[in-house]
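Each remark here refers to the structure printed beneath this line.
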Amino acid sequence: MSLWSVEQDRSQKSSLPDTNVGERLRSRFGLGLRMKIPQRYFMVAMVFASTSICYLERVGFSIAYTAAAVSVHTDERTKGYILSAFFYGYVLSQIPGGWAAQRIGPRPVLLVSFLIWSLVCGLTPTADANSSSWAPYLLATARFTIGVAQGLVFPSIHTLLAQWVPPHQRSRAVSLTTSGMYLGAALGMLCVPPLLHRTRPRYVYIFLSSLGFVWSAVWFIFSSDPPRAERAKASSAGFGMPHEPTSGQHVLPMTALSKDTDGSNKQKSWTKRINRADTIPWRSIMSSLPVWAIVVNNFTFHYALYVLMNWLPTYFSEGLRVSLESLGMSKTVPYLNMFIFSNVGGVLADHLIVGRILSVSYTRKLLNTGGFVVAAMALFMMTGVRSSTGALLLSSICLGLCALARAGFAVNHMDIAPKYAGIVMGISNTADPRSWTMVFSTPAILCMISALIFVVFARGERIFD
């Protein structure tokens with residue numbers, strides 16, 4: 001029997017009492033659920049929901065605040081300060097978020113993140129704030145704080161997925177969880193405007209806050225650290241040398257487990273046991289070319305996404321003389337296309353790797369390069385398009401293929417540094433045009449250059465233990 005077959009057999013036989021969410025729901029709330037829901041699937045579904053809610057909050061606030069700001073005649077400069085305050089906080093907390101997830105554990109960091117931004121969102125003042133001169137400063141402070149809190153999310157998610165998800169499922173798991181960003185953005189564009197027609201922006205903030213609190217409650221009650229059987233799967237052989245725990249150490253910091261009187265495994269607390277002798281190899285990580293290949297491609301992806309999502313409305317209204325209202329539901333197509341292609345990329349990557357069709361390294365490079373090159377071609381073509389249909393089609397192709405590329409660079413953190421995936425993610429996530437040609441050509445050129453850098457320097461095998 002091959003090593004891979006042994007690993008699959010071990011995965012199928014692993015069933016500890018605390019890995020079945022259906023049984024826990026039945027025992028805790030008396031629900032008649034007979035289905036077996038593996039805890040690993042539940043954890044992935046919850047982090048997918050977390051990214052969806054976070055992006056729903058970002059888009060929802062932007063729409064609600066813009067409507068409120070227009071009603072009180074807020075100047076463009078003030079609006080810019082308030083909307084950009086989120087991103088300043090978001091960038092500042094990326095690397096600390098990765099460090100905290102590594103040292104404390106991703107579960108409590110995610111919980112604290114959601115509790116903070118949900119509370120601040122619910123208390124966020126409206127644009128007028130009873131005509132107080134302090135209103136803009138309060139709004140900017142609130143957005144900065146929410147940015148800091150949400151900046152902890154993605155480094156924690158990558159640390160958690162590295163703990164829970166075996167290598168042969170990581171591509172689809174990462175692609176699914178990150179595709180929640182696009183679904184959340186699409187839901188924000190669909191749900192928030194009708195809600196604004198029926199109520200005030202203040203209640204939109206409260207609605208978004210309540211979503212965060214509901215997620216926090218479910219996460220607090222049902223989330224858990226992986227039992228030892230799951231840890232073995234998360235470092236399965238065949239994807240680089242397995243990093244088996246030695247005495248007093250873990251593959252990643254885990255919650256201490258103790259046997260209860262009924263024989264089941266219970267978490268002692270949210271506090272993680274950590275071998276303090278283990279130091280994070282900051283110098284090696286920061287000087288690693290494969291890490292910088294991820295950083296460059298992550299920057300390019302978000303730059304292209306930022307340009308398209310922020311300039312497309314202006315491009316349609318000023319460049320093509322088409323109002324967004326006239327596009328109806330079709331304006332959400334780019335977001336939905338990203339959701340679809342992100343998951344297609346994840347499934348395709350896992351198929352190529354599990355089927356031994358391509359190595360991890362070649363799989364990442366193929367999807368990353370193919371996605372960025374086609375996206376670059378679509379961006380170059382947009383410089384000459386003169387119809388709303390053509391612009392919508394090309395922008396959808398561009399964003400969809402950029403999402404496909406995430407099955408390359410966005411999963412590569414866990415290939416090369418599964419133990420420090422959150423930290424590498426935090427590093428990579430920290431990372432005025434004169435014409436429409438410059439607007440679309442700049443990210444197109446970046447896509448081409450980044451694809452080349454990833455092909456040359458990226459690796460698929462583990463390089464940090």
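Quick reminder: no glycine exception, Cβ is built from N, Cα and C everywhere.
Because TrEMBL annotations are produced automatically, they should be read as predictions rather than curated entries.
Checking TrEMBL for transmembrane segment across the ranges 81-101, 270-290 points to 81-101. Remark: the transmembrane segment (108-125) makes no contact with the transmembrane segment (366-385), by the rule of 3 or more CB pairs under 8 A. Panel annotation: around the transmembrane segment (41-61), residues 21, 86, 110, 114, 117, 121, 124, 143, 146, 150, 153-154, 157, 160-161, 164-165, 173, 176-185, 187-189, 191-192, 204-205, 207-208, 211-212, 215, 218-219, 222-224 of the same chain, lying at least six beyond its termini, place a Cβ under 8 Å from a Cβ of the stretch. 173-196 is the stretch from 137-161, 173-196, 332-354, 366-385 with the greatest number of Cβ pairs below 8 Å to the transmembrane segment (202-222).
Tertiary proximity for the transmembrane segment (173-196) is limited to same-chain residues at least six positions away from its ends with a CB under 8 Å from its CB atoms, namely 44, 47-60, 63-64, 67, 157-158, 161, 165, 203-204, 207, 309, 329, 331-332, 335-336, 338-339, 342-343, 345-347, 349, 403, 406-407, 410-411, 414.
On the 0 to 100 pLDDT scale, the model's mean across the domain 'Major facilitator superfamily (MFS) profile' (43-465) is 79.
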